[in-house]
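Trainee: So TrEMBL lists these for the protein:
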BINDING   Asp25, Asp27, Asp150  Mg(2+) binding site
ACT_SITE  Asp25  active site, nucleophile
ACT_SITE  Asp27  active site, proton donor
BINDING   Cys106, His108, Cys121  Zn(2+) binding site
Amino acid sequence: MQLEGHSVYIRPGFKPQKNWAVFLDRDGVINQEKHLLFKLKDWQVIPQALQAIKKLNRAETPVIVVHNAAVVARNLCQIDQLEKLNQHMVKKLKQRGANIDAIFYCPHHRQAFNPRMVKDCPWRKPGTGMLTAAAKKFRLDLKKSFIIGDSARDILAGKNVGATTILVKTGHAGKDSLYQATPDKISQNILTAVNWILSL
Ligand SMILES: [Mg+2]
Ligand SMILES: [Zn+2]
């Protein structure tokens, strides 16, 4: 299903070297959780994320960000600002040697304040649409893939596609949630999560 507002970033030259990926939530996993982040100056990396992503890059494991974008649904900013923020993230990480291979996001909400974003969208986590779209695009086996998140909605989305799910104690640390989901593993942060994945 192609819905308005689903543009996908793919790193130029990205060609998956594996048939599985590590999916990352953005806020609270890669960057500090700032409630409703949309300003570039508020984007602040979680220090362990740099090393974690670099390790995945070195292991030639696809690194795919999947995030909900409530800031757009709430009309705090428009899609172009969200894209600017994501490009800022890509650039900041790249400058320090960490490459994001792709970014999928969902700006929809069934009760969005922005009338163009009102959709009960299957991409919005805990929906699985971003994961299945990425799997299709990059020929990934989701059952062999991993998702690292700080919210139960991330864990639930991963569980619903049979991925291995890891809850990190950064960001919301799973405490925000409206959903009930038990992760396969709990890790201190993205780096300990990645170390675990790469040790399997
Ligand atoms: Mg999060
Ligand atoms: Zn959507």
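Every residue, even glycine, has its Cβ placed from backbone N, Cα and C.
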Trainee: Can you go through the binding-site residues Asp27, Cys106, His108, Cys121 and pick out those with a C-beta less than 6 angstroms from ligand 1?
Mentor: Asp27
Trainee: Could you check what DSSP calls Cys106 (Zn(2+) binding site) once collapsed to helix, strand or coil?
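Mentor: It is in a strand.
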Trainee: Which binding-site residues from the set Asp25, Asp27, Cys106, Asp150 have a C-beta atom lying less than 6 Å away from ligand 2?
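Mentor: From Asp25, Asp27, Cys106, Asp150, counting a Cβ under 6 Å from ligand 2 as near, the near ones are Cys106.
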Trainee: Quick check on the binding-site residues: of Asp25, Asp27, Asp150, whose CB has the lowest count of neighbouring CB atoms inside 10 Å?
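Mentor: Looking at the binding-site residues Asp25, Asp27, Asp150, the Cβ with the fewest others within 10 Å is that of Asp27.
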Trainee: Have a look around Cys106 (Zn(2+) binding site) and count the other CB atoms within 10 A of its CB, chains all included.
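Mentor: There are 25 such Cβ atoms around Cys106 (Zn(2+) binding site).
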Trainee: What does the structure give for the C-alpha distance between Asp150 (Mg(2+) binding site) and Cys106 (Zn(2+) binding site)? Integer Å is fine.
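Mentor: Cα of Asp150 (Mg(2+) binding site) to Cα of Cys106 (Zn(2+) binding site) measures 17 Å after rounding.
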Trainee: Take the Cβ of Cys121 (Zn(2+) binding site) and count every other Cβ within 10 Å, whichever protein chain it belongs to.
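Mentor: Cβ-Cβ neighbours of Cys121 (Zn(2+) binding site) within 10 Å number 22.
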Trainee: Work out how many Å separate Cys121 (Zn(2+) binding site) and Asp25 (Mg(2+) binding site) at their Cα atoms, rounded off.
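Mentor: Between the alpha carbons of Cys121 (Zn(2+) binding site) and Asp25 (Mg(2+) binding site) there are 17 Å.
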Trainee: To the nearest whole angstrom, state the Cα distance for the pair Asp25 (Mg(2+) binding site) and His108 (Zn(2+) binding site).
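Mentor: Here the two Cα atoms are 16 Å apart.
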